[in-house]
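Chemist: Let me begin by handing over the structure; questions about it come next.
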Amino acid sequence: MEIDKLSVIQTANHNLMNTYGRFPVVFVDGYDSTLIDSEGKEYTDFLAGISVTNLGYSNPKVKDAIIHQANTIIHTSNNFYIEPQVALGKLLCEHSFASKAFFCNSGAEANEGAIKLARKSAYLKYGSGKNEIVAMKGSFHGRTLATLNITDNEAYREGYGPHPTGFLFTPFNDIQALEKVVGKNTAAVIVEPLQGEGGIHPVNLDFLAKARELTEKYDCALIFDEIQCGMGRTGKLFAYEHYEIEPDIMTLAKALANGIPIGAILAKGDYAETFAPGNHGTTFGGNQMATAVGKATLQEILENNLTDEVYRKGQYLKAKLQSLQEEFDLIKNVRGLGLLLGMELNIQGSEIVKEMLAKSFIINCTQGNILRFIPPFTITEAEIDAMVLALKGVLEDKGV
Ligand SMILES: *Cc1c(COP(=O)(O)O)cnc(C)c1O
């Protein structure tokens, strides 16, 4: 079927809420790390749907899982046992710190559930006074009413009050500040081991160790939000493995089912046993379609050692970006782990993103001046070379 791009854009303006600044592109097909638009133009993807389609656009195991569920059952409800949900829960527990999993439908919903879990646990042990959730400056944890209050962006909260209370921010990687804010009223400390939306900032080992120590001292939960940095993205299955520090609770979403909506809360110890029937739930969460595809996605990563590939390709891309840094004064810094890389500029990045799109490369910019590179794991060295060459051309036009 022919797609008329102008009519799609006009109808979108008419019938969709105006929540996104969209590029005037309609993708209709894809394979590996390539997306194809309605006019047949091919783009190399360094965004992966914001770290979602990590296995690219044509992984056969992902397709088979979708087709199998379409031919059998998509959904029943959590009133019954769901075999692929059980299998995915088991697989995630076998390959992480966790002993139990809960499935939901998005990242914000996973974090919302993790907050509820930490508060319920503190409440059952200590009563209602122990309820504070400590989050980091620069964090992004979602857009629901509760998660907005642990997302460090004042503008996102504006106009949505009154807000739920008991949420505090502390500067990222600042041990002294953390020591002051965590105490007997703390129910949880939530950290992204590698801040994504906040500008590709990895947590420091000593800070994370202090967060682990303080949460143990005050018997509260250490929550890792690995929604963006988990599922192999940093060259380890989970980013916390770089630090060898385990959380009590971890949230996943984005790449967990390579694009089929899913979220998960993983937990160990008391936190795995806190919820009882009626305490928390979701209709769609963990349905056959989402969890069968999640299982296929995770198996692909494990069976093909994709984390090693991510590490290797990440090193390659990082070295290329660093060589640009040597050439251009407007590049302040290149950082990140695996295939979650950022390039900080001393100019705004949005124009560069647009010009790269015109040259058939999908990149992204966060925090105004940090270019973000999060390609599917299928990206090749040749595709990386071509993107870096295009970026060099765009930067040359901006002056040195
Ligand atoms: C994207 C993201 C979320 C929110 O996930 P949604 O599925 O958009 O609700 C939460 N935390 C982190 C670290 C993210 O990158």
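Here, residue 1 is simply the first one shown, and the rest follow in order.
Glycine is treated like the rest: Cβ placed from N, Cα and C.
Automatic, uncurated: that is what TrEMBL annotation is.
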Chemist: Quick check: of Phe80, Phe140, Phe172, Phe328, which does TrEMBL put in the same pyridoxal 5'-phosphate site as Gly107, Ala108, Asp225, Glu226, Ile227, Gln228, Thr283?
Modeler: Phe140
Chemist: Near Ala108 (pyridoxal 5'-phosphate binding site), how many other Cβ atoms are within 10 Å of its Cβ?
Modeler: 23
Chemist: Looking at the recorded positions listed here (Arg143, Lys254, Thr282), whose Cα lies nearest to that of Gly107 (pyridoxal 5'-phosphate binding site)?
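Modeler: Considering only the listed recorded positions, the nearest one is Lys254.
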Chemist: Around Asp225 (pyridoxal 5'-phosphate binding site), which residues of its chain at least 6 apart sit with Cβ under 8 Å of its Cβ?
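Modeler: The answer is Gly107, Asn111, Ala114, Ser139, His141, Ile190, Val191, Glu192, Met250, Thr251.
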Chemist: Less than 6 Å between Cβ and the nearest atom of ligand 1 is the rule; apply it to the binding-site residues Ala108, Asp225, Glu226, Gln228, Thr283.
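Modeler: Cβ under 6 Å from ligand 1: Ala108, Asp225, Gln228.
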